[in-house]
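Asks: Here it is, the structure in full.
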């Protein structure tokens, strides 16, 4: 019988089972139960059932019933099994919950949600303000943006990441967080109250005018970098807030304090919360931009609006620091495995070799590069028309507030629809939606710019000029393309890595990060710089930019179609392999009949009976206590 209990196979069941009372088992064999001396001992209440199996003892586990806040902690039996090495009952106590979520988890997720809202709220205000400053400034235009992104923003981003890496080696995580975020908060506060009001005193306007007279109007963009250097610095700091505070500080902290299960459950909610922050911050920009209407004559309305918005940015920054401090002092960190996953550190040449060796990776890289170039080509041209329609900083900022709100609503809606699109139409259709939106809206936008004069009488019936119509169509293009990018393009891009083998997946993603992301971001800016310097201005190069956009989007659609076929084939192979693995793993049990009429399940696998006994014969023994 003791040999039977060590067996890992399936035990036989009697045809007519009888009800039996089980009591706590003393140390020893089951034969001790039927000892007449033991049967005379008083029976004890049932506290736990211990059966020997595989050298361990199975015991009943007691835990706490899920409770609401305010209930007293009580112990209730939980129908689960645990092992105890010493034979004693194991008592486990669940952490308290609120609405089905553990309080410890809520102490992480709610503060993280508050931090994310504050960071995204600030980012929307800063993003809209930076465009107003550099585009509407005297002696500047939207032509400054390509030069600003290439020759100022990119070097400062690289320099910051090098500095951040060195600081991370010498500072603790908390000290590193405060060291990075506090200069941002201090700069934005100082800009609103000191740098902008005094900008006329330290901007080299006279020198810029002399250079412009010597070099000509085609160098308006590069010269504007010198003319409004403090505004350019604000532009770069606002861009870095998005890449540093959101990507590095927030997500680094979130990954530090959450588990994988918590991340799978709550990270998608942060994406929806980001769009809620976008809606509210857009309304805030709109409100403060309209303050000019209530001010008296001679008052710089944009300076007043800027001070108010920078005050909000500083207040939100202080709130972010407070929440970070509170979490570090009140929330325990989860335990982590010391085993780290190796991440390939590829050089540029190694990345290019990987891109050249795989058609799948090349098509995926084409998607990333095409999006970066396409959105840049349309966005800068649209902002030049936006300045022509709204030359005042307050009017420009007010329109950008409406634009941010509309982007948040559209993205929120698309995120809710994205799951339905994936389920009904599949990966290929979802991947083609973003370039299709860019193509259709881009054609409409450039057509209004190039052929707006013949359409003027028709547009006048709707109370619009060709310029205003181009502004609205360009805004729709940016809104729909960005919402499609966040809800469909990014998930499609990440899903495309899944069917690849582990080596190609890791190295291919690293190669795209090294080569394609920077190429996509700076590619559009470099094309625009070449066009501006060649044709004299952004307006003169508009027809050629429209042609370049058409070619890039058509190539994007071709890469998406090619990648869809390869992705579908890999998924089909993966499903076939899984089915074959399931089929090879299935073992059909055989029902045998013993002499006593009891049916028992047996298997031809020797691993089910490590003791070497016959399962059919052994299973007939416990039908009567006399056999013990």
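Think of each number as a place in line: the chain as shown, counted from 1.
Cβ coordinates are placed from backbone N, Cα and C, and glycine is handled just like the others.
A TrEMBL annotation is a machine prediction, not a hand-curated record.
Residues or ranges marked as compositional bias 'Polar residues' in TrEMBL: 600-628. Taken from TrEMBL, the feature region 'Disordered' covers 581-628. Positions annotated as transmembrane segment by TrEMBL: 109-126, 146-164, 176-195, 232-254, 266-285, 306-327, 364-382, 403-421, 433-452, 544-563.
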Asks: When you look at the transmembrane segment (306-327) alongside the transmembrane segment (176-195), do they share 3+ Cβ pairs under 8 Å, ignoring any pair fewer than 6 residues apart in sequence?
Replies: yes
Asks: Could you tell me what the rest of the chain brings near the transmembrane segment (232-254), counting residues at least six beyond its ends with Cβ under 8 Å?
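Replies: Those are 112, 115-116, 119-120, 122-123, 126-127, 129-130, 133-134, 144, 148, 152-153, 156-157, 160, 164, 177, 180-181, 184, 187-188, 191, 195, 225, 263, 267, 324, in sequence order.
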Asks: Would you kindly check 266-285, 364-382, 403-421, 544-563 and say which stretch has the most C-beta pairs under 8 angstroms to the transmembrane segment (433-452)?
Replies: 544-563
Asks: Go through 266-285, 364-382, 403-421 and flag the stretch with the largest number of C-beta pairs under 8 Å relative to the transmembrane segment (544-563).
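Replies: Counting Cβ pairs under 8 Å, the winner is 364-382.
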